[in-house]
């Protein structure tokens, strides 16, 4: 049974779209320690625990955000923000940059330094150095975990293009990666760089019942990278003649004409591509294959993994990313999500300093996200006797069940309970939206190509080009059949449904909830200045369109507000938005987090805190989770607080000095990788000895 419904708007449209708040475009890299927040409104006396948020804040070279050249706001070192609610009538804030080993290598290779030639550059939302590798920017999400030996909860900070790191919840310093370099497989076998390109998920999952943490390590074949790319560059020593030729070409030829040619030859190109891939692998000694490993960790020992394969024995192919995974009682759920990262960003933007070439390549190579979501289901009963890569054991293969959801997805959640093998999956569908794409300095308005986008918005996310949806699916984990689906959209609330929060504990039993009854989502709204000609052209033929593009443009011209709403998602009742708050015109919101009340009687007894931007202000707003429509109870601010696009969050009841003993020694972990890289560049060894290792000893 499949249901889809659209709820017409009841709110009055805005009278002309307001400006995007300038405050969402700026971020400071200054670390703050235990500052007292200013409170406007009434702070509830029963607030408890600690809220963690993370956001990109630029690089060691940029001095914060925005980037002078308009690079994406989503590229940059992570800054952790911790709000402490453990003192009566006050809230205190501490912030820290996340500093894994590659952070110090990036810092040491800055312009004018001894090691400048090894410097990193932004390539889309990825930061890359050909000699040193890929930055693990750790700017995306968290995972709280509590294993049986632990006296308090532990916390991981994560990123899509790197392994997770555990932090000390008291000092906010990074402590250790999860897994050694030997236990992770790079996208590029044969590429000798100290910081390999590890693709993982920004949302690993923890099962408190079985005391297991699950994550993934995957790679995409070169064919996946290149199926829309008919040429590749030597990134290290690009001949000046090629650079000049491409620059001239981008100025002389119409991009649409070139694109028509490439589209015309796309079918025959697929055959040529296979030969091209083999030639590149032979010439470069690189091996780039599809692979997906499901990883399990017990909090103390080595990583255990299984190689996931389709029923025909071929590796699971990932075309975009595995941004999120989910765990139920009997299954692990993976999804190929509508978001690209890793080396594809480098191949699509090999010359980030040459904007003329960037324009040409963007129009030629950028493709819309897949209109579908591919789901891969793994039976947990099959996860026996896995491989321990730390001990060089043989690979162990496990079959997956493939499911196709007919809409694009970035974030999803699953009920832990799966009666009769039926998995309940809750999804936010971003429709006609490209999260890994951003507003460029040369972008023009979708309304008039003679009008450039306001310059202060360079680096910001684009608008969505169709209304988003929220869905609930009942999927049989054994057969892959979609037993039931219910999808809704709302003309007010679901424009760019992005980040979420939800109660995780039964207040009566203090046990984790087996089923999600209520999920809180925030939405982006519609903004005229973020409706670019490029993004509308990219999605003009969007297959799953619900609102005609002309109407979307008309709505964005007027403006649609950002919303915070509660979705009643119980698998035994109809899917419905039962509470909502419309933010005032000119406000944006992100990063909702649920905070339970100590005397809660039902799961939603608590508060929602989120980040809010308007004009030149950055604030945290606090809501009663049962009464969003009443508006914020209070706002928290401080003159020193300056953050841009905040991402995911976590809540812990208490913090303390880390007591777990699991630890990967940095010098030992990088010894062999640095040695290999030093065969070509001897001073890389000196770089690590002087600038990296001392910070971890």
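Just so you know, glycine gets a Cβ as well, placed from its N, Cα and C.
Feature annotations, reproduced from TrEMBL:
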BINDING   203, 323, 648  Fe cation binding site
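Distribution of TrEMBL features across the structure.
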residue : record                 : DSSP class
203     : Fe cation binding site : strand
323     : Fe cation binding site : coil
648     : Fe cation binding site : coil
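If you take the C-beta of residue 323 (Fe cation binding site) and look for same-chain residues 6 or more apart in sequence within under 8 angstroms, you find 160, 201, 202, 203, 335, 337, 339, 410, 411.
Taking the mean position of the Cβ atoms of 203, 323, 648 as the Fe cation site, the remaining same-chain residues with a Cβ inside 8 Å of that point are 140, 141, 158, 160, 201, 202, 324, 411.
Note on the binding-site residues 203, 648: the fewest other CB atoms within 10 A surround the CB of 203.
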